[in-house]
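Following: one structure in structure tokens, then a few remarks.
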Amino acid sequence: MTSADQLVPGVEVAVDVGPVAHGGHCVARHDGRVIFVRHAIPGERVLARVTEGAPGDRFVRADAVRVLHPDARRVEPSCPVAGPGGCGGCDFQHVQIGHQRELKARVVAEQLRRLAGLDRDVVVEPLDDAGGLGYRTRVELAVTTGEGGDAPPFVGLRRHRSHAVVPISDCPIADAPVREGIAAAAADARAGGLDPGTVAVDVVGPSGEGDVLLLEVDDSGDAERVSVRERVEAAGESHELSVDARGFWQVHRDAPRAFVEAVLDAAGAGAGDRVLDLYSGVGLFTVPLAAAVGARGQVVAVESDPLATRHLEANLAGLDQAVALRGRVDDVLGVARSGRRQRGRRGAAPARSPLIPPSADVVVLDPPRTGAGGPVVRAIAQLGPRTVVYVACDPAALARDTAPLAEHGYRLDALRAFDAFPMTHHVECVATFQRG
Ligand SMILES: C[S@@+](CC[C@H](N)C(=O)[O-])C[C@H]1O[C@@H](n2cnc3c(N)ncnc32)[C@H](O)[C@@H]1O
């Protein structure tokens, strides 16, 4: 039998696949060593080929390269590069879509249990797409010449945990216009039609007026600056927002609608309320929240990215009750950034922005994957909102940030989870915390 210390890249062992874990893999064990196996389903028996790991490591990574006992919910992937050694974008193309959602629900529930001590039944709701395909409105393609450098360039997507590029000319999780854009970029690359020095092509399919865009990115990360219009029809209203084509926008074509409706419903903001919309981006939630609080209310949106803030200001034009505040959330709330030196003093708190009101009725926050962190969450609680709506793209960060809210008397009242990234392990949560 292969011993735990012999589990090095290339070695294959037959394993029984255990539970799904956060990150798109399942947990198996061999000779006492944990193996994170991709392309497997809990309950299966598979031949796992080690892809990363060395003797003495706490765990090794592996791909299921042969299925010895398949789960009944195993399906043929729609994409030819979705399997072991292929594109790293999709983790779950081999799993029937309903079961993907069940696996993600288990991950969210497990993160809440482990990191926040909360027992919750979680349901992952589908968005409007073609059974988990045809949804992405943005894809960033890498451009490379491959080994040697004198071969013709090609476009592709990165392998899992690697810089290597898998050539593609189609991506079934992209929506129809973006798929056409990918095919066009692949043809351009083959024909030598990309500008010299292009390292990536961003394919962007906005929901408002305008065709799909192909933006060539140079090795300093720059591309032509283009603004696009995104139309959001949600809760019986229609909004059109201006966004930088390469700036943050929810990638699932139905996500802006679903998240706006979920946030409005959770926030329960009414006429005259004072609301903070933290990590606001270009104002996806700010604009409908401003409509909800009306002319007597107030919405303060905080966003650190200068370009996104410029679009935010443009999107708030005519909404006198809404103000855009450019800055980091921790800075404007007057919270010390952990580990940062400020004027020679480690972590000294900056002055709180005068535009942040002393109290708020509702706080909405939609931080990046790392979460908001304890100091920011505590500062939010100190504003005394009746409701905190936390939009989370990482359930582990949400679970970690739940504890400081609980310390201040906020309990998790409702949790919705959305399948905003089908075929991948990612899942979006909208958590509602109430005071008292
Ligand atoms: C997940 S996006 C959400 C944007 C918006 N709610 C939406 O759905 O379109 C997070 C946003 O937070 C911004 N951001 C990241 N770190 C930040 C910080 N420390 N302070 C303020 N904004 C930040 C990013 O630029 C990005 O626009």
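Every residue gets a Cβ built from N, Cα and C, even glycine.
Annotated features in TrEMBL:
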type: DOMAIN; residues: 6-66; note: domain 'TRAM'
type: BINDING; residues: Gln250, Tyr279, Glu303, Asp366; note: S-adenosyl-L-methionine binding site
type: ACT_SITE; residues: Cys393; note: active site, nucleophile
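This view paints the features noted in TrEMBL onto the structure.
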| residue | record | contacts (Cβ under 8 Å, 6+ apart) |
| --- | --- | --- |
| Gln250 | S-adenosyl-L-methionine binding site | Pro256, Phe259, Leu284, Ala420 |
| Tyr279 | S-adenosyl-L-methionine binding site | Val302, Glu303, Val329, Leu365, Asp366, Pro367, Pro368, Ala372 |
| Cys393 | active site, nucleophile | Pro368, Arg369, His426, Glu428 |
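Taken residue by residue, the domain 'TRAM' (6-66) breaks down under DSSP into 1 helix, 35 strand, 25 coil.
Of all the binding-site residues listed (Glu303, Asp366), Glu303 sits in the most crowded Cβ setting, with the most other Cβ atoms within 10 Å. Here the domain 'TRAM' (6-66) returns a mean pLDDT of 97 for the predicted model. Reduced to three states, the DSSP call for Glu303 (S-adenosyl-L-methionine binding site) is strand. Apart from the site residues Gln250, Tyr279, Glu303, Asp366, the chain places the Cβ of Phe248, Ser280, Gly281, Leu284, Phe285, Pro367, Val391 no farther than 8 Å from the centroid of the site's Cβ atoms, the recorded S-adenosyl-L-methionine location. The maximum pairwise C-alpha distance among Gln250, Tyr279, Glu303, Asp366, the residues recorded as binding S-adenosyl-L-methionine, is 16 Å.
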